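S.K.: One structure follows; several queries about it will come next.
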C-alpha cells in the first residue's frame, strides 16, 4: 500500500498522541484508584478531575485507534453495530469532557471568590452537589446523543446512499431534514452554553487573580510577595486547561464543518480532525500532574500525605 508522505507524518503524530495520552490519563486514574483504596479523602475538585480524566481516556482510545487502524489498511474491522457503538460512546465522552471542564472552571471561580461576595452561599452548596452532578452528566449526554447511532454506519453497509460521508472506519449519513437540523441545533446549544459559562468563569478568575496581585503588592514583606498560594496555582492551571480546550475545540469544529460540506472524503482532513480532537485529552493530564502537590509520588500516592 502506497502511503502519502503528508498523511504518514500526520498518522505518526496521531499514533504518538495516542500513546502519550493513554500514559498520562492512565497515570491520573491510577493515582485516584490508589487514593480510593487507601481511603484518602477526595475533594469535590478531585471528583471532577476523575470524571474528566476517564472521559479523556476513552476519547483517546475510541477516536485515535480506529482512525489509525483504518489508515494502515484495516478498513472493515468494525461492523455496523461496532461503528455505531464506538461513535456513540465517543460522542458521550466528548460531551462529558466539555461539561467537566465547565464545572471545574465554575467551581474554581466560586472557590476563590472573596468571602464577602454574593457567591459565598454557593461555596457550600457546590461542594454538596459536585459528585451527583458529575454522575448525572453521563446520563444527560447518553440521552442527548441518543440519535447519533442512526447517522452512522460501518464501511460494509450494503445499501447505496449518495449522502454518505466516509471517514475510514465508519460513514456518516448527511441529512438536511428538519429533525436532523433541530437535533444538531440542540447539541450545539448545549456546547455553546457550556462554553459561555467557561468564558464567564474564566473572566471572573482572571479578575480575582488580578485584584489579589494588586493587594499583594502592598505587602512589604518579600516573603509574602514571592509566595504563590495553592489556590492561585490551581486557578492558573485551570485557566491553561480552559485556553487549550477552547482552542482545540474551536479548530476541530472548523475542520469538522469543512469536512462535512465536502462531497468527497479527504483523508488528511479526517486525520487532522482526529488529531485536534484528542489533543486536549492528551495534553490535559500532564498539566494536572504538574499542579499536584505530591506529583513525585504519582505512582505511590499512598506514601504521601494529602
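Using N, Cα and C of the backbone, Cβ positions are placed for all residues, glycine too.
Just lifted these from TrEMBL, have a look:
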TRANSMEM  12-35  transmembrane segment
DOMAIN    26-288  domain 'G-protein coupled receptors family 1 profile'
TRANSMEM  47-65  transmembrane segment
TRANSMEM  85-108  transmembrane segment
TRANSMEM  182-210  transmembrane segment
TRANSMEM  238-262  transmembrane segment
TRANSMEM  268-289  transmembrane segment
S.K.: Across the domain 'G-protein coupled receptors family 1 profile' (26-288), what does the mean pLDDT come to, as a whole number?
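M.R.: Averaged over the domain 'G-protein coupled receptors family 1 profile' (26-288), per-residue pLDDT gives 79.
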S.K.: Test of understanding: applying the rule of at least three C-beta pairs under 8 Å (pairs 6 or more apart in sequence), is the transmembrane segment (182-210) touching the transmembrane segment (47-65)?
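M.R.: Between the transmembrane segment (182-210) and the transmembrane segment (47-65), which are separate recorded stretches, there is no contact, as judged by 3 or more close Cβ pairs.
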S.K.: Can you tell me which of 12-35, 85-108, 182-210 gets the most C-beta pairs within less than 8 Å of the transmembrane segment (268-289)?
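M.R.: Most contacts with the transmembrane segment (268-289): 12-35.
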S.K.: Residues sitting near the transmembrane segment (12-35): Cβ under 8 Å, six or more positions beyond its termini, same chain?
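M.R.: Distant Cβ neighbours of the transmembrane segment (12-35) are 42, 46, 49-50, 53-54, 56-57, 60-61, 64-65, 67-68, 271, 274-275, 278-279, 281-282, 284-286, 288-289, 292, 298-299, 301-302, 306.
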